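Below: one structure, written as structure tokens.
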Amino acid sequence: MISAIQNPRIQFLFQCRHQFNFPPKSRHFHRSTILLNSASSSSQVLTEKTLTSTSPPTSEILTIRKSLLSRERKAVEIAEEYLNRLRLTEPTIKSFLHVSENVMKEAEELDLKIERNEELGVLAGVLIGVKDNICTVDMPSTGGSRILQGYRPAYDATAVKKLKQSGAILVGKTNMDEFGMGSTTEGSGFQVTANPWDVSRVPGGSSGGSAAAVSARQCVAALGSDTGGSVRQPASFCGVVGMKPTYGRVSRFGLMAYASSLDVIGCFGSSVADTAILLEAISGHDIFDATSSKREVPSFASQFISTELLESKPLKGLRVGIIGETLGDGVNKPVVSTIKDAALHLEELGCTVSEVSLPSFSLGLPAYYILASSESSSNLSRYDGVRYGNQAAAEELNSLYSDSRCNGFGPEVKMRILMGTYALSAGYYDAYYKRAQQVRTLVQKSFKDALRENDILISPAAPSAAYKMGEKKNDPLAMYAGDIMTVNVNLAGLPALVLPCGFVEGGPAGLPIGLQMIGGQFDEGKLLRVGHIFEQTLQGCRFIPPLVA
């Protein structure tokens, strides 16, 4: 019978009572250092709409699955609902560069499978957006660059292949900064995506299209890529959950390379549960990626605790370190206030919160940009109009190369290629690239030391909430500085989860702020469990933008 098709690991989600057993720690992050004067705190919820007490976020993936298995709804009805919302909001948001023509056809095929009582994948009927630098055989994959305009790969990325095997319906390819180089989507070769919370503001980047699409409920979940924060920063700006897994957890086969030692494929969802289910579906070893890990992939969502089973102190004994360097100069005070309130909430859940220092934290940003630019100068050499990329008309080979790259690449990509080539040149290699690698080692050691004393680390995901379009477009250094909260995690190869934790002033209904949780290598399960409890117990916040509320 069809009821037997239900994935037992997903059923277990509502039955498991997981208990943390962490050793106690004496240092406390005292309430007096966290709680600011509520009358003056601008991190408070700002409108009646967002103040309304609401139930915790639910898993859209599990809801869809339940409705399909019980035959309460058909897949075509669910697909039509999301496509209608996409048609309504897309002229304003501009999340997608391409929308699949096969969505309704695949939904119809799924309904036929259900009628035949065939087995369903865990993502059956779930509409998922895919960042445009992740290869899809049946849709264009341009990396947000005009040099690849019209390009259709001959294969699916491994992550995309696993989505299809799980029954997902790919709704389309999402907008991004060209080849992942940017923090706003203003660097896209085609269009600029708007933030659903305030369409005059950026959604973040480079995975801004994926974050905005999930935030605007144009799709259930989405894939992005994270080289220095490109999943986590837009998740914070758009008020959704973003997961950057450990380097090697998800295969990079089919991901257009920007900086190969830093790139990872990550996930977006409107809840921690959806993000966990999506991450599990795409994780695992891949023979086509020598850097992918052979570690067994746990069932992340099955370890969650149902809200009905939560104890009064469900995180008792969990040691949390709040990174002191992320709360100082350069970080907006309302953001600091919101993160400290989130730390207080963790204390109320039973955590021991203490401030930790990462001495090499400030060194990570310049090291990251040297390493990422150096690797990009090598990786992007293939786009020359001969091997890959649209070819310019020229009578001589060197002119063909230069004209193809000049016409195809945007200014940000050209600048980073030049920076990377300079850093790798014979006279400057030791002064820049080699020293940056030494800093990377220091960053890894500082995280390792901090995580020896703490189970997770927390920080803001970005120094500010979403800013206005054009505000930093002509000031690249200011835009690069916005990555300071996230790049160190990529240098260390660690997993990090960002989930919305509050609001600051701005826009018609306030602007969301994301809390970043960082764990040890392959500790995604721990981060997701903590994030799920945090999300389910957070009171008074409704992270649905006014555009779709």
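Cβ atoms are placed via backbone N, Cα and C, with glycine included.
According to TrEMBL, the feature domain 'Amidase' maps to 77-528.
Around Lys131 (active site, charge relay system), the C-beta neighbours below 8 angstroms that are at least 6 residues distant in the chain are Lys173, Thr174, Met176, Ser207, Gly209, Ser210, Ala222, Leu223, Gly224, Ser225. Per TrEMBL, active site, charge relay system is recorded for Lys131 (among others).
If you draw a 10 Å sphere around the CB of Ser206 (active site, charge relay system), it holds 35 other CB atoms from the protein chains shown. Under the heading active site, charge relay system, TrEMBL lists Ser206 (among others).
Cβ neighbours of Ser230 (active site, acyl-ester intermediate) (same chain, under 8 Å, six or more residues apart in sequence): Asp177, Gly180, Ser183, Gly205, Ser206, Ser207, Gly224, Gly266. The active site, acyl-ester intermediate annotation in TrEMBL covers Ser230.
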